[in-house]
Amino acid sequence: MLHIGRLHLITDTRPGRDPLAVVDAALSVAGPELVVQVRVEDDTDDRTAYELAVEVARRCAAVGASCLVNDRLHLALAIGAAGGHVGARDLPVDAARRVLGPAAVLGATARDPRTGTAAVEAGASYLGVGPCHATSTKDGLPAPIGPEGIRRVASAVPVPVIAIGGITPERVPALLAAGAYGVAVVGAVSGAADPAQATAALLTALTANPPPPQPKWGTSPGWDPRRGSPLSGRGAGADGW
Ligand SMILES: Cc1ncc(COP(=O)(O)OP(=O)(O)O)c(N)n1
Ligand SMILES: Cc1ncsc1CCOP(=O)(O)O
Ligand SMILES: [Mg+2]
């Protein structure tokens with residue numbers, strides 16, 4: 001079943017961080033609600049990334065949460081992750097879909113409707129859209145697109161939009177009102193004094209602000225049941241994703 005959660009925690013593996021402790025804290029609060037995306041620094045070797053991913057996947061499986069792997073799709077396959085996430089400098093979305101297979105969750109980064117639509121047609125299950133706000137955890141990003149940028153993409157695509165970049169609980173309502181289905185965070189949880197409490201605050205903000213109905217969901221031009229499209233799992237879960 002294709003399940004795309006509304007709260008995505010991306011691992012923070014910068015020096016001095018303890019990603020597994022943060023994942024443990026977040027899972028203790030969110031359980032199966034959480035999606036954990038394993039993301040490592042570009043210069044991290046595959047063995048180190050694999051060992052982290054194995055541990056994250058084990059912890060996710062214990063509570064029924066989903067694990068995705070950023071960029072390195074061979075690791076996603078190796079650890080039996082639910083799927084992966086790719087952006088502009090990674091495998092193209094159609095190639096990523098071929099690697100992961102039809103049943104996997106495949107996220108793609110988009111900042112505008114054209115890129116987002118192309119990614120969906122190429123097989124993306126959801127879009128990571130941002131940076132919505134300024135972020136201190138990734139360098140070299142373009143200017144923040146804000147809720148209005150989310151609105152532009154979300155109104156153009158028939159898959160869930162996950163807002164990313166500078167997300168805090170206070171910013172969640174405007175992003176959901178703009179059409180985001182959920183949010184992805186690094187710093188709001190990893191940088192918090194109490195990651196469990198920070199996770200709880202994000203969950204509360206998401207739950208208190210259900211996403212508005214999206215009549216376009218279910219009409220993906222890229223929907224091809226033979227390929228196991230982004231929408232092939234629609235209707236299987238309470239929210240259709
Ligand atoms: C949910 C989500 N959205 C966007 C990204 C960014 O992916 P990408 O543009 O490939 O950048 P890197 O994370 O690989 O540096 C993401 N990882 N997750
Ligand atoms: C990987 C990535 N892509 C766009 S913003 C970002 C990092 C988001 O981190 P934070 O939640 O700390 O702003
Ligand atoms: Mg990437």
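Each residue, glycine too, has its Cβ placed from N, Cα and C.
Among the features that TrEMBL reports, 4-amino-2-methyl-5-(diphosphooxymethyl)pyrimidine binding site is placed at Q37, V38, R39, V40, E41, N70, T109, K138. A sphere of 10 angstroms centred on the C-beta of V38 (4-amino-2-methyl-5-(diphosphooxymethyl)pyrimidine binding site) encloses 30 other C-beta atoms.
Mapped onto three states, the DSSP output places D71 (Mg(2+) binding site) in coil. Cβ-based neighbour count (10 Å, all protein chains) for D71 (Mg(2+) binding site) stands at 20. Annotated Mg(2+) binding site per TrEMBL: D71, D90, in sequence order.
The annotation domain 'Thiamine phosphate synthase/TenI' is assigned in TrEMBL to 7-189.
Among the features that TrEMBL reports, region 'Disordered' is placed at 206-241.
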| said: As a check: which entries in Q37, E41, D71, D90, K138, the binding-site residues, place their Cβ less than 6 Å from an atom of ligand 3? | reply: D71, D90
| Other C-beta atoms that fall within 10 angstroms of the C-beta of N70 (4-amino-2-methyl-5-(diphosphooxymethyl)pyrimidine binding site) | 23
| request: Mind computing the max CA-CA distance among Q37, V38, R39, V40, E41, N70, T109, K138, which the record assigns to 4-amino-2-methyl-5-(diphosphooxymethyl)pyrimidine binding, rounded to whole Å? | output: 17
| query | Of these binding-site residues, Q37, T109, which scores lowest on Cβ atoms within 10 Å? | reply | T109
